[in-house]
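The annotation active site, proton donor/acceptor is assigned in Swiss-Prot to Cys75, Cys186 on the grounds of sequence analysis. The feature substrate binding site is assigned by Swiss-Prot to Asp12, Ser13, Tyr44, Gly45, Asn76, Thr77, Thr187, His188.
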Amino acid sequence: MDKKNRPIGFFDSGVGGLSVMKEAIRLMPNENYIYFGDSKNAPYGIKTVEEVRTLTFNAVESLLEKNVKAIVVACNTATSAAIDLVRSKYKNIPIIGIEPALKLATKYNRKGNIIIMATPMTLKEKKFKSLMEKYGENYDIVSLPCAKLVEFIEHGILSGEELEEYLKEKFKSYKNNDIGVVVLGCTHYPFIKETLYKVIDKDIPIIDGGLGTSQELRRRLEEKNLLNTEDKKGSITIINSNGSEKMIELSKKLIESS
C-alpha cells in the first residue's frame, strides 16, 4: 500500500477523542482513519502517571500494528503523562498530542476568568503547569477538575437532569459575569457543550483544542509528504477495548452528531 493511503491512527481513553477525529475528518475527508478507544480502562484522569503511560504505549503499539502513517494522542491526560516519551521512542512517525486551548482563550480578550475544565491528572502534570507559567501572570486562570464528567460521557449521558446538576455544582462559585471563556481541557467534554450552555450564559465562548490539533496533524502530514491525494471519501474504522457493540454504536453516534 502507498504510504499516503495508509490510515491515520487516533487514540483516547474512551470515546472522547472522537471529538478531535471529527474535526480531522471535516478538514481531510479523503483520509482513512482508525480510532482506538480504551473504554475498558477509562477514565484515565484518576489513574497514576505510570498506569497512564503503560496504557498509552499499549495503545500506540496496537495502532502501529495497523500500519498507520501518523498517530494522534487525542487524550489530554495521555498527552500530559506520556507524549514526550512516546515521541522519543517512535521517532519515525508523526505523533500529535492535544493541550488545553489556553492560547486561543487569551485571544478572546474578554473580562472575567478563563476557566479550564479538565481531569485531575491533566491539571497536575508539568505540561499544564508550563502553560500556567506562560499565561498565568497576565490572565485570571481557574482550574476546574471534573473527575466524574468522563464517566457520564462514556455511558452515553450527554444531557439530562443528573448531568446538569453535576455541572451546576461545578460552576456554583462563579456568576456568569465572572466567566470570560471556558476551555474544555478534555476531549470528552465537547460532547456535553449544549448541556453546559444550560448552566452558563450562551454568550460565553466554550472552546477546545480539536481544530488546532487537526490543523497541526495536516501540517505534519504535508511536511512529511504523507497527505492522501485520492479524490474520494476515506474509510473510518472504530475499535474499542471494551469489546461491546454498544460502545461501537455510541462511537458512531458521536461521530455523526453535529
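Glycine is no exception: its Cβ is also placed from the backbone N, Cα and C atoms.
When the recorded positions Tyr44, Cys75, Asn76, Thr77 are screened for a Cα within 10 A of the Cα of Cys186 (active site, proton donor/acceptor), the ones that qualify are Cys75, Asn76, Thr77.
The two recorded residues Ser13 (substrate binding site) and Cys75 (active site, proton donor/acceptor) have their Cα atoms spaced 7 Å from each other. Thr187 (substrate binding site) and Cys75 (active site, proton donor/acceptor) have their C-alpha atoms 6 Å apart, to the nearest angstrom. Across the fold, the C-alpha of His188 (substrate binding site) and the C-alpha of Cys75 (active site, proton donor/acceptor) stand 8 Å from each other. The Cβ centroid of Asp12, Ser13, Tyr44, Gly45, Asn76, Thr77, Thr187, His188 marks the substrate site; residues of that chain outside this set whose Cβ lies within 8 Å of it are Gly14, Gly16, Gly17, Ala42, Pro43, Cys75, Ala78, Thr119, Thr122, Val150, Cys186, given in sequence order. Secondary structure at Asp12 (substrate binding site), taken from DSSP and collapsed to helix, strand or coil, is strand. Here Cys75 (active site, proton donor/acceptor) is positioned 5 angstrom away from Asp12 (substrate binding site), judged by their C-alpha atoms.
Calculated from their C-alpha atoms, the gap between Cys75 (active site, proton donor/acceptor) and Tyr44 (substrate binding site) amounts to 9 Å. Each of the active-site residues Cys75, Cys186 was scored by other CB atoms within 10 A of its CB, and the lowest score goes to Cys186. Listed in sequence order, Ser13, Asp38, Glu51, Val52, Leu55, Cys75, Thr77, Ala78, Ala81, Thr119, Met121 are the same-chain residues six or more apart from Tyr44 (substrate binding site) with CB atoms under 8 A from its CB. Within the set Asp12, Ser13, Tyr44, Gly45, Asn76, Thr77, Thr187, His188 that the record links to substrate, no two Cα atoms are more than 12 Å apart, and one pair reaches that distance.
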